[in-house]
There are 2 protein chains.
Amino acid sequence: MAAWSSPPSLRHLLLLRPRLPLSPTCLAGSFSRRHIHSRCRLFSSAASSSTLTHGDAASTHGDADGVVDVNPPRGTRDFPPEDMRLRTWLFDQFREVSRLMAFEEVDFPVLESEALFIRKAGEEITQQLYNFEDKGGRRVVLRPEITPSLARLVIKQGKSVSLPLKWFTIGQCWRYERMTRGRRREHYQWNMDIFGVPKVRAEAELLHAIVLLFQRLGITSSDVGIRVSSRKVLQAVLTMYSIPEHLFTEVCVIVDKLGKMTREEIEKELISTGLSSEAVHGIIDVLSLKSLSKLEEVLGSGVEAVADLKKLFSFAEQYGYADWICFDASVVRGLAYYTGIVFEAFDREGKLRAICGGGRYDRLLSTFGSEDIPACGFGFGDAVIVELLKEKGLLPDMSRQIDDIVFPLDEELEGAASSIASSLRKKGRSVDLVEDKRLKWVFKHAERINASRLILVGNSEWERGMVRVKILSTREEFEVKAGELE
Amino acid sequence: MAAWSSPPSLRHLLLLRPRLPLSPTCLAGSFSRRHIHSRCRLFSSAASSSTLTHGDAASTHGDADGVVDVNPPRGTRDFPPEDMRLRTWLFDQFREVSRLMAFEEVDFPVLESEALFIRKAGEEITQQLYNFEDKGGRRVVLRPEITPSLARLVIKQGKSVSLPLKWFTIGQCWRYERMTRGRRREHYQWNMDIFGVPKVRAEAELLHAIVLLFQRLGITSSDVGIRVSSRKVLQAVLTMYSIPEHLFTEVCVIVDKLGKMTREEIEKELISTGLSSEAVHGIIDVLSLKSLSKLEEVLGSGVEAVADLKKLFSFAEQYGYADWICFDASVVRGLAYYTGIVFEAFDREGKLRAICGGGRYDRLLSTFGSEDIPACGFGFGDAVIVELLKEKGLLPDMSRQIDDIVFPLDEELEGAASSIASSLRKKGRSVDLVEDKRLKWVFKHAERINASRLILVGNSEWERGMVRVKILSTREEFEVKAGELE
C-alpha cells in the first residue's frame, strides 16, 4: 500500500535505531561521527581489562569487588564532548527556528504521573511506558512524549494566559522496551505546539517551522518531503458506513499499523472491532489515495477533510513551501488523540524512519477533565535527522575552539600565569591554563583544541613585564606587555 | 560552633527550600518573580473548579471521571515561559563562564544504575535515592548528583582522552524524600570538574570560575564568600590520635552534621565509631579554627593540609579573588568521596543555605574498580542563587521580545500575510502572525510581547503591493513595498 516501509506511528519519534553490531558503547555514539572508531577501540581495550564488566540484564550492578559497569544503563547514552557539541548545535537550530516563529520555550518534569498517559486505544506508546511506583505509592513514568504535559500546563495556567499560545520545548522522552530489538530507550524531542487556533493556519505555521529547520540545515525538498492527511478522512469514511463514533480512535490506531503488518492482518483486526468487511475495504481503499482530487471524488467536496486539506495546500503555496508537502491518505499517525490534519516528514530515498510527525488534537484537554481548546503540534526527534545529515554530508565541523592557552615556562611563574589568565577571562576570552607539560605537548594541544593564541610566560620576558604571544594560524610571534594583552 | 546555620552537606545542592505556604502550584514558581501572584490566583480558581483535583500521596492518578491532576508530580516543577526565560538566562551564565574557563560540555542520562551511588558512609544523599527496579529487574535511580556519572565516563573514555580533562555539565538531579518537610525533589546543577591535575591549581581554577559567575551576576564579595578547608585537616587529626584510616570517611560524614545536630549528638556518634573521647574533642576543637596560622600551630607546618591551603590562598591573591575566600576548618562537605580541599559559597548575611560546594576527590575512580585519577569539581544548584539574586534585586528583566507582528486586516489577505511572514523569517526576524483579532487586541498584544514593529496588511495598500509598518517604540508609521521589508 504505502510506498514507505516505516509505519506512521510515534515509534520513530523515539529514535529507535538498530543497535550497531559492535557494542553498546558504540551505540552511545549514534551522535558521534569522527570519534566512533576511537571510542569503540577504547571499549574493546577497556572490556579486556579486569576493571570493567559489561553488564547485560540485571548485571549492571557493581560486582562483589566494587567494579561498576562504565556504560550508561542499557538503551541510554552518554554525551562526551564531541557528541555534546553536535547536540548543542542541533538544539540551537531548534531554538533559532522557534524564535523565528515567535514561540516561547517551556519545560516540564521528565517524571510525570502515569495517569497522564493512560489511554485505551492500544497505542504502542502507552504499552511501552517506562513506569514504576515511587516510594510514596504513586504511579509515575519517565514521559514517553511531551504533549500531555503541555496540555496539563495549559489547563493549569488557565485564564491567566492569552490565546493563541505558541510554546516549544526540547526534552528527553523515554520508552521501556525489551532490548531484544536493540533499540534506544531515550531520545530528545523538539516539540512546537499552538493552542487556541481552530483553523489550519496553525498547521501551516507548524509546517513552516519544519521547513525552516530543514532549510537551515541545508536539506532541500528533493531530500525530504512532508506527507499530509487528515484524521477527518477516516472520520468521513466511518460516517459513510455508519460506523459508531466510539470506534474512531481504535480504527486510527489499527490502520496506523499498515506497512508494519500485512493488509490481511489489519483487515482482521478491523473486523474484530465489529466493522463490516465492506467498511473495512472502504477504509483501506481510501487510505491508498495520493491525490486530493481523487479524495474529493470519493468523499464529496462538502466534506471538512477535503476543505481543510485544500486550505492547507493553498497556505503552502503562499508561504512558499508547496514543493515540500504532498497529500497521502495513508498518514494516520499512531497517537490516539489526533483529530484533524496529521503529517510526517520523510526522506525521499525511503531509507529512514519518519523524521518528525504531528497533527491536530482538538479534544485532548477534555480527556483530562477540562474544557477543550483547539490545538496542534509536532514532535521532532534528535536521531533520524542526525542520520540524514550524516548521510547527506551536512554535519558541520564540530571541533573545539578556544581563544588562548596560557603556559608558564617555569613553575615559579604560576602566579604570573594566574593573573594573565584571570585578566584575559575578564575580557571575555576563553583561556586554557596549562602547566607541567613540555612545550611540544602544548603545541600539539593547541592544535587539537583549535586555540587562536599561545601565550608563553617566560622568565626573561616576565622580568620586563612582557609575555610572548604566538598566533597559531599565522605562526606569527611577538612580545607584548602583560598588561596590554587584549 | 560554626557561625553559619546551614550544615555543609549536599542537601542544599538539592535546592530544597521550604514549600511556600500557599500551594504546590506556587512552589512551582520558585523561579518566578512577577507572575507568582497571578499563578497562585489561577491555582485557587482552578482548584475550585470541578475539573481539577489536587492530589496528595497516591491520589495523583486520574479519578473515575478521567480528571487528571494538573500539577506536576509532588516536588517537581513546570517551567512556564517566564520561569523558562529565567532558567535559560541562568544556564547561559553557567555556559559562558565554562567557556571562559575553556571547559567542554558533557551530559549523562538522568537515569543511572543504582550501583554508581551505593556508598556505605551513611551520607544523606545515598539514603534518599530516587531508586526503583525497572521491568528488566535492574536497580536504577534518578541520579542524586552528577560526579559519579562523570567518573564513569572518564573511565569509559580511558586512554582516548588526554589529561587534564576539564568538563562541565548542567543537569537535573533528584532525591526522594518524604514531602513532610515540604522540599523539592529535583533541581538543576551546574558541575565543573577537572581530572588529571593533582595540584591545588585545579581548585584555584574552579574557585575562579565560581567568582567569575558571581561577578557576571552582579554579586560582590561583600554579598558572598567562599569557605575553604581540606579533608586533610581531619586526616591529620586522625593521624595525631592514631585513629585507623578506614574510619576517615565515616568521621567526615558525621562531623559534616555539625550545625544541624548539637555538639553532644555529634560527640556521641563519633564515640560510637570507636573513637576515644580525647580524639573526639581533638577533632571538634580543630574544626572550630578559622585561621590558617592557628591551624599551622595545631597541626605543625609540615602537614600537607596546611601546605595545600597556603598554596590555594596564594593562588587566590594572584588571580585576584582573595577577598572572596576564607579559611574555615568546619567545612567538611557531606559527600563521602572528598579527599582534599573542600569549599562552599555562602551568603554573608547567613540567610540562605550554601550556594554551591565542591572539593577534591582523588580516590573516587578506584571505588569503581578503576585506576585513580586526581580530580576535583563542584556542584552549583539553580535555586539558592536565584533566591539570592531576588533578594539583592539582581534578577534581570526577563520579558519576552519579538521583532514583528504581521496582521492581515481582512481574512482574504491571509495569503499575503503568509508570504510576508515567510520572507521576514527567512531574513532572520522573529515573526508573530496574528489573525482573527481586533486591532485593539493586536496593539495590546504587541505591547505585552515587546514587539518592535507591527506590520498591517490592508486591502488598499496591498492592491499597490504595499504594507503599513508601525514602529512601536516611536509610534512612527509608514508604508513600505512588501518586497522591500527588511
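Numbers here mean position along the shown chain, with the first residue as 1.
Note: Cβ is positioned from N, Cα and C throughout, glycine not excepted.
Note that the structure is predicted; figures quoted are calculated from it, not measured.
Residues or ranges marked as region 'Disordered' by TrEMBL: A:53-77. What TrEMBL records for A:74-396 is domain 'Aminoacyl-transfer RNA synthetases class-II family profile'. The L-histidine binding site feature in TrEMBL is assigned to A:GLU145, A:ILE146, A:THR147, A:ARG175, A:GLN189, A:ASP193, A:ARG333, A:TYR337, A:TYR338.
In the predicted model, the domain 'Aminoacyl-transfer RNA synthetases class-II family profile' (A:74-396) shows an average pLDDT of 93. Fewest Cβ neighbours within 10 Å among the binding-site residues A:THR147, A:GLN189: this applies to A:THR147. Shown in sequence order, A:ARG231, A:CYS252, A:VAL332, A:GLY359, A:ARG360, A:TYR361 are the residues of the chain, 6+ apart in sequence, with a C-beta less than 8 angstroms from the C-beta of A:TYR338 (L-histidine binding site). The number of other Cβ atoms within 10 Å of the Cβ belonging to A:GLU145 (L-histidine binding site), over all protein chains shown, comes to 22. Neighbour count (other Cβ atoms within 10 Å of the Cβ, all protein chains): 26 for A:ARG333 (L-histidine binding site). Between the farthest pair of Cα atoms in the L-histidine binding residues (A:GLU145, A:ILE146, A:THR147, A:ARG175, A:GLN189, A:ASP193, A:ARG333, A:TYR337, A:TYR338), the distance is 22 Å.
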